[in-house]
């Protein structure tokens, strides 16, 4: 009985010890700064990779304007650069008033991240319909319309919150972005899946078939997963204060979240899409009008 009593006492002690490290790190200003600086460094790394790739593409095909590929890398540089700046000044951002200014600085890069990777869906959709000899004239207007609608709705909610802070509207805003993330994940699954199946039907001896299959397959899995994780996390963020991402005392959660939904996906996709375009124009490198 005595030994059993010792075990009973040890179990809650271990459980408390395991849970305390999370709270100790979250409540430590030193660890908060360390984690935010690590995020700054990682975002800075991704921004540099995107910028270097953009410069390489420009040097390779200077005769082209702003192609889909160039815009994609520029937006990656912009999103990750802004994120890095926000995290290096995270304490100052937290003290901004009114509170909605903080939400805008923390959430606007997420909207641009959505636009950045929606470009890939647009690109794949154009390739898919061109290969089927179908018109692609309506794809870009749809792309711009969706983005304008997303930004307009989100900005309208921010303006209302700026005028009067309404807790329910904050929840609606987060759920709206969860819906946008789910929409992006479904877009990758739809057009990534269609393009993958179409490439599978190409003759085995087709030049570059296997590389394109892997490229489309990997990017589809990575991007659909990251947007799905973001969707789920935003749902928790909306209703559970323990999952709030816009506070200083959740640095561990911030690190895990941003690592999974932005940093790792960006690094992996930039690596997979690192191949430079040929020196002569081909269909996928038409400019964005």
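Every residue gets a Cβ built from N, Cα and C, even glycine.
It is 141-163, from the ranges 3-25, 141-163, that TrEMBL records as transmembrane segment. Residues 25, 67, 69-70, 73-74, 76-77, 80-81, 83-85, 87-88, 90, 251-252, 254-255, 258-259, 262-263, 266-267, 270, 274, 276-277 of the same chain sit 6 or more residues outside the transmembrane segment (35-59) yet have a Cβ under 8 Å from a Cβ within it. Sequence-distant contacts of the transmembrane segment (218-239), counting only residues of its own chain at least 6 positions beyond either end whose CB sits under 8 Å from a CB of the stretch, comprise 110, 117, 120, 170-171, 174-175, 177-179, 181-182, 184-186, 188-189, 192-193, 196, 245, 257, 260-262, 264-265, 268-269, 272-273.
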